[in-house]
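J.: OK, Swiss-Prot features for this one:
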| type | residues | note |
| --- | --- | --- |
| SIGNAL | 1-21 | signal peptide |
| DISULFID | 70-96 | disulfide bond |
| ACT_SITE | 74 | active site, proton acceptor |
| MOD_RES | 74 | N6-(pyridoxal phosphate)lysine |
| BINDING | 173, 348 | substrate binding site |
| ACT_SITE | 300 | active site, proton acceptor |
């Protein structure tokens, strides 16, 4: 996005007396694919074919009579670019998209999605009010937040559809816990508020383990049934949903009316489900190649010492681009289809890799930081081990800090 465009967006927001709710998300027209590879220091390659394959694979698994799908596209479609992927969701006939920010809602609508937009987290009052044009279905899990949303709806002479989040599975994040006596009273009070219309009941599983999911599922069945009966809700107008990616693959009892797959749509799935393809690759190019003698140290704090005369390739990205410092002296990248080690500490804008054992490495050569090159692959499990966290902890940031190129 051009600096002038961003400045104009911020000024308009200030003039309107509104804060910018989330980072601006560019539309596909802003992605100049022909220029990305040669002009950017690093980029993401997004495989639309793989994304559409994953959607169809899931649809085939669920069957025509199975639950509906709500494609979770929060965090800018897990860093993949919601503007790039929404057209595929529309083409596949997916009836619901789950998002977090109003920016994601705006982009989804502008890209032609006319179905249900469900926010998958609690929202601030300002967010709720600013989301009214997008016909958002909000999430509520407390009487206080429900009252706030109802007040906004009444002020604007409208009704806001809401999903009631239950803490049945023990996430203790958004949901109301009906095992507490006063919470049952609060839940019933929510249903009586003018300005909000219950359209869903949901819970979220905190652990990817079958028995834990089944335990939370049993409580959710009790809680949702109590709420339907005590609240005298019309079951035909309520969408009950609980299954995340793990439960969608492993626990069919959690399907109910709708499933909420996130990671699996992008190929971030249980390793044994190899039919789901990775959608993202993270790439850069060699900026320069330098020759250094044995005994030299590399990078800040001298954390790596060369054991031989070495050729080091300078890669023009660092932790400001989402390549974590935790990967220093542990990770590897792919050049010429071969694994080469990261040496020295990751800098703000630079990492160094040892290419001594390769021939003819030169500026402009493609480097794969995550993904495949020839028969070699930078594996998810390896990066997660080096980083000490889920890969999503990194790739969602990659998406915000690097341009995207559609793989043709």
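Easy rule for this one: first residue shown is 1, then count along the chain.
Note: Cβ is positioned from N, Cα and C throughout, glycine not excepted.
These numbers come from a predicted model, not from an experiment.
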J.: In Å, rounded, how far does the Cα of residue 96 (disulfide bond) sit from the Cα of residue 74 (active site, proton acceptor)?
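T.: Cα of residue 96 (disulfide bond) to Cα of residue 74 (active site, proton acceptor) measures 13 Å after rounding.
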J.: Please tell me which one of the recorded positions listed here (70, 74, 300) sits closest to residue 348 (substrate binding site), measuring Cα to Cα?
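T.: Closest candidate to residue 348 (substrate binding site), judged by Cα separation, is 300.
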J.: I need the most crowded of these recorded positions: 74, 173. Count other C-beta atoms within 10 angstroms of each C-beta and give me the top one.
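T.: That would be 74, with the highest Cβ count within 10 Å.
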J.: Applying a 10 Å Cβ distance cut-off over all chains shown, what neighbour count does residue 96 (disulfide bond) have?
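T.: 22, counting other Cβ atoms within 10 Å of residue 96 (disulfide bond).
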J.: Can you give me the Cα-Cα distance between residue 300 (active site, proton acceptor) and residue 74 (active site, proton acceptor) in Å, rounded to a whole number?
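T.: For residue 300 (active site, proton acceptor) versus residue 74 (active site, proton acceptor), the Cα atoms are 36 Å apart.
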J.: Using a 10 Å radius around each Cβ and counting other Cβ atoms from all shown chains, which of the recorded positions 70, 300, 348 yields the largest count?
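T.: Top count of Cβ atoms within 10 Å goes to 70.
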J.: Distance check, please: Cα of residue 74 (active site, proton acceptor) against Cα of residue 173 (substrate binding site), rounded to an integer number of angstrom.
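T.: Rounded to the nearest whole number, the Cα-Cα distance is 17 Å.
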J.: Whole-number answer please: how many Å between the C-alpha atoms of residue 173 (substrate binding site) and residue 70 (disulfide bond)?
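T.: Counting only the Cα atoms, the answer is 20 Å.
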